[in-house]
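In TrEMBL this protein carries:
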type	residues	note
DOMAIN	7-119	domain 'Aspartate/homoserine dehydrogenase NAD-binding'
BINDING	122, 180	NAD(+) binding site
DOMAIN	158-244	domain 'Aspartate dehydrogenase'
ACT_SITE	210	active site
Ligand SMILES: NC(=O)C1=CN([C@@H]2O[C@H](COP(=O)(O)OP(=O)(O)OC[C@H]3O[C@@H](n4cnc5c(N)ncnc54)[C@H](O)[C@@H]3O)[C@@H](O)[C@H]2O)C=CC1
Ligand SMILES: O=C([O-])CC(=O)C(=O)O
């Protein structure tokens, strides 16, 4: 599969290293869409990719699938065009809190027979949640995220501090670079307004910790994920980057687990 990558940040570099440098069977990043060609020109010689700054030329390049690893704004501006022409893997999932955008992408995916893949990102348990809610009988889902204080707030604090409590809808609006996980959790489960989120800035940790609790007719489940951060962007967990690779590998698998 030839991949077109949108973005050239921490996750994009992870994918370029793992797929093009270390090599993954049947996967190759061939095109990268960037805003500033000069800034990223070394990617061409380092990873054998071609850079694009014009979205149509990027989408018309010889790629089978688009991987978005940029930001929420890029999803708004680029994804409707992308889904018309290619299947898309999307990691800035927070963009989908905009129900108009979500409906538009769904309609376009149907019309052009494309797929939109949403990796689990920095969390897990989405398979369980979807199964548990298949009859609409999950009654509560909550997420408590703790991140190093320095990646969330400017001020210096001595003790942990709850900096947000509310719905996933509000969480992603206030913390668009940190709460994508709340939106994929809401999509897999009971919705944006019903999924409760607590965000804690903790000066004593160096991991991104997500604790998920769910209850319903199935029973109860609790997951805790203590993520190592990506060194290139400590706000982002290593697992989030790996989950894109996991999603890409699954696309061609005949044996599907979960
Ligand atoms: N779903 C999940 O669990 C997670 C999602 N994320 C999200 O993944 C995305 C990427 O994360 P990182 O690589 O750590 O971020 P990053 O900040 O290191 O890199 C983002 C890159 O995208 C580029 N970019 C921004 N707008 C663009 C546009 N319109 N066109 C082309 N490039 C553009 C930036 O210049 C930057 O190089 C972010 O939106 C982040 O919030 C991060 C962690 C977990
Ligand atoms: O990487 C993480 O731990 C979670 C994150 O930033 C997000 O969901 O936006």
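Backbone N, Cα and C define each Cβ position, glycine as well.
Distribution of TrEMBL features across the structure.
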| residue | record | DSSP class |
| --- | --- | --- |
| 122 | NAD(+) binding site | coil |
| 180 | NAD(+) binding site | helix |
| 210 | active site | strand |
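Sequence-distant neighbours of residue 180 (NAD(+) binding site) (same chain, 6+ apart, CB under 8 A from its CB) are 91, 92, 93, 94, 121, 122, 172, 240. Residues of the domain 'Aspartate dehydrogenase' (158-244) grouped by DSSP class, helix first, strand second and coil last, total 23 helix, 39 strand, 25 coil. Cβ neighbour count for residue 122 (NAD(+) binding site): 25 (other Cβ atoms within 10 Å of its Cβ, all protein chains included). Within 10 Å of the C-beta of residue 210 (active site) we count 25 further C-beta atoms, all protein chains included.
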